[in-house]
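A.B. asks: Sharing a structure with you now.
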Amino acid sequence: MRRLIEDANRRYHELDAPTITDAEYDALVRELEALEAAHPELATPDSPTRRVGGRPSSKFAEIRHAVPMLSLANAFSDEEVRDFVGRIAEHLDRAEPVFSAEPKLDGLAISLRYEDGVFVRGATRGDGATGEDVTANLRTIADIPQRLAGRGWPKVLEVRGEVYMARADFERWNEHARLHGGKVLANPRNGAAGSLRQLDPKVTASRPLSFYAYGVGQVEGGSLPDTHSGTLAKLREWGFPVSDLVEVVRGAEGLLGYYRRIGAARDGLPFDIDGVVYKLDDYAGQREMGFVARAPRWAIAHKFPAQEQSTTVEAIEIQIGRTGAATPVARLKPVHVAGVMVTNATLHNADHVARLDVRVGDTVIVRRAGDVIPEVVQVVPEHRPDGAQPWTMPSHCPVCGSELVREEGAAVWRCSGELACPAQLKETIIHFASRRAMDIEGLGDKYVETLVDAGILRGIADLYGLGRDQLLYLKLVLEAASPEALAGAVQPHLQPEGSGAALSALLALDGDDDGWRARALALPVAFAWNPKKIATKWAENLVAAIDRSRDTTLARFLYALGIQHVGESTAKALAQWFGDLDLIRRLPWPLFRRVPDIGGEVARAIGHFLDQPANQAVIDRLLERGVRIGDAHLPSPRLREGLDLATLLVDLEIPKVTAVRAAQLAAAFKDAQALLDAPAHALVAAGLPAESAGALAAWLEKEANAELLLRAAQAQAELLALLPAQAEQGGGPLEGKTVVLTGTLASMTRDAAKEKLEALGAKVAGSVSKKTHLVVAGEAAGSKLAKAQELGIEVWDEARLLAFLAEQA
C-alpha cells in the first residue's frame, strides 16, 4: 500500500500526470493511517502518512523552506468536523472557538519570499521541507507582486498561496489547443502545475495562471496581526490577491454552515475548489495546539465529493447534435462523480480521442465540474486490456445514414444530412421559423420541440400542415402537469363521439415518463372547441402567420434553409447575383465564388448542401406546400466578367494552377472539354512548368474532378445565355449606392425597408459617412440625419421612399 501511495505521490507532485483520482488517493491514505493506528509497530518514519507532497524535481534547484509547508488533515463528514472542533475546544477550554474559513483551491501550493518588500525567491511545496526554485516562472504571473504595496511589512516575509488556472482560462486554452492541435490539459490543477514547472519561463508566461495568498511562513524584522484573518487583510493591503470568500465563523455549526454555502456556490465559482479549509483564527491558540506528523492540529480540510473518478469505457458512440456536429461519446461503467451517477462522457471530437488514445476497455479518469458535461480527461494506459484497438471515426451518420464530413482544418465532423437528419430537425425548424428567416411569429421553441417529439413535425414542410386544433391541443399538453390534469383540461372540448376512448387513452399514460406529452399529442383525439371556454385567437394567429410565410423573398428562403456559413448577408448576395432559386439549385460550387466575399469554403458548403438529394427533396416539398419566391429576377449582368475558362480554373482551386497558369491554359484550349482531352505534354506546351502540368493532369484524372469541371463549364454557358449582352443594361436603380435608414417609418419596419432597398441593388449601412449616397429619414430621426445634412448627402422622407418603391414596382 505504501508503494501504491508513493507511486501516486510521484506521478501527482513530480510528473504532473496522476493515474488515480484525488478521491482514490485519499481513500488509500486513510486506509494506511487506519492500519498504522491499529498496528503501531508497522508505522515507520518514512511512511507517506508522515510526509508532505513529493520529492523536488532534479530539473530545478532546491530551496529549503525556513518554515515547513505542511499539508492538512482531511475531514469527509460533518461528524469529523465536529470532532475536530471538539478537540480544540477541550484543549483550549473554549466553548466556541473562532475559525477562519476559506475555499480550498485546487492548484499548486507555493511560497514567495520577500526581503525589504521585494520578491526575491519562490518555490513549490515539494516534500514540505524542500521545494523547487521556480522564481523565474513565478515572475511571469501578473497576480504576484514584484514589490509590496503600502508599508509596514516585515523585513523578511514568506507568503504562502496557491497558483491556479481559472475555469474560463482553462476552457479557452483547451478550445484553442483542440482547434490548433496543441496539448489539451487534463484539468485546471494539472494545467497550473505543469505550466509553473516549465523549464522555459516563456512557456509559463504564455499560460493563463492566477494566484491567491492564504497564509505566511517565515516572518522576521517585523510583526503581523494576532489573527489569521487579520494577516490576510494585511496581505491584501500589501498587494496580494486574497479570496473574497474568507469568513470568520464560530464553532462547528458555523463551519458546517460555511461548508454548505460554499458548496452551493461551488459550481458558479471562477476556479476549481475541492473543499474548504478551517483554521483556528488566533495565532496563540495555533501555537498551543501544535502539530502532529505532517499536519497542524489547528487546521483541517473539509473535502467536497470528488469531481474526478476512474471507470471503464464500455463503448464509444457518435452523438449527432442539433446543428449536425458529430461528437464521440464514451459509454462508461456507471460511476459516482461529484454526487451524480455518470454513465456517459464527452470525448469532444475525433482529434481529442486520437490525442488521448481512448479505446474501448480502457480505464479512464472522468471529470464532472458543476454543470459541465462529464468528460474523459485522461487514459490510464497501465490498465489497458490486451487487444484493445484504436478507435476510428465512422464514415456515416448513425441517425440518418448520411456521410460525415469535415472541412479542411476543422476539428468537428458534421452530418451532411442537414435538412433530412432527424437529429437536427428541431434546430432546423426553429431557425427556419425565426424572424429574419421565414418570420413565423408565435412559433416558440417549446412548441417546435414537442411537435417534433410527437412525430407531428417530421420535416420543415410539415409546418404548412399545422392547423388550429393541433395547436390548441399542444398548448393544453404543455400546460398540463400530468396526464390526469390533461384529461380534465380537454374533456370540455372533445367531440361526444369517441370522447370516452380518448380520455381512457390519456389516463393510461405514465406521468412519470418524460415522453408522456409526446405520446399524448400522437393520440387520435377529435375536438369541438368551445371559444367561450378556451382562447383560440392565438392559434388562429399562428396558423395565419404560417400561411403568410409562404410568400417570401429569395434571400429569406436561402437563409431559412440553414446552409452552413450562409448568414443573412451571404443569402442576400446570392439572391442579388443569381436571382432565381431554380438556377441556384443547379449550380456547382465553383460558380458561387463569382459572388463577392464568397470564398472557397463557403462556396463548397453551399454546393455540398445542394448536392444532397435529401436537401433538394425538402426544398421540393416546401414548394409543393405553397412556398412562393416573390422577387425572382435575371442574374446580375456583373457575373459576365468572370464566366470564362481562366476564372473557372482558378475558382476550382486546382493545385499549382495560379491565375497566370489559368490564363495560359485558357489561351491554349478553346473550352473545358478540350483541356480535359489534352495529353500531359500539351499542358507543358501551353506554357505550364512541368510541376504545374503534373499537378493539373493528376487532378483531371480523377473522375469526380473531371465531372465537376464539365458541369461548371456548362453552368457558365447557361448563365451567359441568361445575361443581357451589355453589363450596363442590368442592375437595380440603386446598384452600387449606399443607403442609411434613420428614424421610425410609419408604413413598414426598418427591416422591411432594408429588404426592399437591397432588392433594388442598394447596400444598406448602419452609419453615415462620406461614402453614403442617400439617407431615408423617418419620424424622430436623430444624429444620422444631422450628419447627412452636414455632409450635403441627399435625404428622403418616407413619402419620397414610398413613391420611389411604387415606381419600381
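Note that Cβ sites are derived from N, Cα and C of the backbone, with glycine treated the same way.
TrEMBL annotations: computationally assigned, not manually curated.
As annotated in TrEMBL:
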type: BINDING; residues: D22, A23, E24, Y25, D26, S71, L72, E102, R125, E162, K279, K303; note: NAD(+) binding site
type: ACT_SITE; residues: K104; note: active site, N6-AMP-lysine intermediate
type: BINDING; residues: C397, C400, C421; note: Zn(2+) binding site
type: DOMAIN; residues: 729-809; note: domain 'BRCT'
A.B. asks: Tell me the Cβ contacts of L72 (NAD(+) binding site) under 8 Å, same chain only and six or more apart in sequence, or just say none.
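C.D. replies: Those within reach of L72 (NAD(+) binding site), by Cβ under 8 Å and sequence separation of 6 or more, are V277, A295, P296, A299, I300, A301.
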A.B. asks: Give the helix, strand or coil assignment DSSP yields for D26 (NAD(+) binding site).
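C.D. replies: D26 (NAD(+) binding site) sits in a helix per DSSP.
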A.B. asks: Given the recorded Zn(2+) site (C397, C400, C421), which additional residues of the same chain have their Cβ within 8 Å of the Cβ centre, ordered by sequence?
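C.D. replies: Filtered neighbour residues, in order: I320, G324, P398, V399, G401, S402, C415, S416, G417, A420, P422, A423, Q424.
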A.B. asks: When DSSP states are folded down to helix, strand and coil, where does C400 (Zn(2+) binding site) land?
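C.D. replies: Its secondary structure by DSSP: coil.
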A.B. asks: Give the distance between the Cα atoms of K279 (NAD(+) binding site) and C397 (Zn(2+) binding site), rounded to the nearest whole Å.
C.D. replies: 56
A.B. asks: Out of C397, C400, C421, point to the one nearest D26 (NAD(+) binding site) in space (Cα versus Cα); all of them are binding-site residues in the record.
C.D. replies: C397
A.B. asks: Here are some binding-site residues: C397, C400. Which one has the most Cβ atoms within 10 Å of its Cβ?
C.D. replies: C397
A.B. asks: What are the DSSP helix/strand/coil residue counts across the domain 'BRCT' (729-809)?
C.D. replies: 31 helix, 17 strand, 33 coil
A.B. asks: From the Cα of K104 (active site, N6-AMP-lysine intermediate) across to the Cα of C400 (Zn(2+) binding site), what is the distance in angstrom?
C.D. replies: 48
A.B. asks: Go through D26, K104, R125, C421, the listed recorded positions, and name the one with the sparsest Cβ surroundings, counting other Cβ atoms within 10 Å.
C.D. replies: D26
A.B. asks: To the nearest Å, how far is the Cα of the residue listed as 'active site, N6-AMP-lysine intermediate' from the Cα of C397 (Zn(2+) binding site)?
C.D. replies: 44
A.B. asks: Measuring Cα to Cα, how many angstrom lie between C421 (Zn(2+) binding site) and R125 (NAD(+) binding site)?
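C.D. replies: Cα-Cα, rounded: 55 Å.
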A.B. asks: Over all shown protein chains, what is the count of other CB atoms within 10 A of the CB belonging to K279 (NAD(+) binding site)?
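C.D. replies: Around the Cβ of K279 (NAD(+) binding site), 21 other Cβ atoms lie within 10 Å.
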A.B. asks: DSSP on C421 (Zn(2+) binding site), three-state: which is it?
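C.D. replies: The residue in question, C421 (Zn(2+) binding site), is coil (DSSP, three-state).
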A.B. asks: So what's the average pLDDT for the domain 'BRCT' (729-809)?
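C.D. replies: It averages 87.
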A.B. asks: Looking only at C-alpha atoms, tell me how far C397 (Zn(2+) binding site) is from R125 (NAD(+) binding site), rounded to the nearest Å.
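C.D. replies: About 50 Å separates the two Cα atoms.
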